Amino acid sequence: MTSLPVLLFLIILLLPSMITEGRVLTQTGKEATIFADQKTNHEADLKNPDPQEVQRALARILCALGELDKLVKDQANAGQQEFKLPKDFTGRSKCRSLGRIK
């Protein structure tokens, strides 16, 4: 049952950042640099996110949560007391290519 709080925490933590990925201001609060081939209204994107991007972000989160849940169960079955996330977990994840946001 400890995996459920971890999963909920990851959803709450990752969802806002995945939806607005690449569309936020820097820490100084200055407007982000816009390249010549990037013609987007960032404020409009933040107010009205593209439903497809939201769907892709949710698909990536659900995929990652499924992999994390499987990893937790595998470690529990192996009798490990501590949860140890492999260093290359994010690099080898099947979810990286799933629903890639522009």
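Here the Cβ of each residue, glycine as well, is placed from N, Cα and C on the backbone.
The following features are taken from Swiss-Prot:
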DISULFID  Cys63-Cys95  disulfide bond
SIGNAL    1-22  signal peptide
SITE      Glu67  site 'Required for activity'
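Glu67 (site 'Required for activity') is surrounded by 16 other CB atoms, counting those within 10 A of its CB over all protein chains shown. Neighbour count (other Cβ atoms within 10 Å of the Cβ, all protein chains): 17 for Cys63 (disulfide bond).
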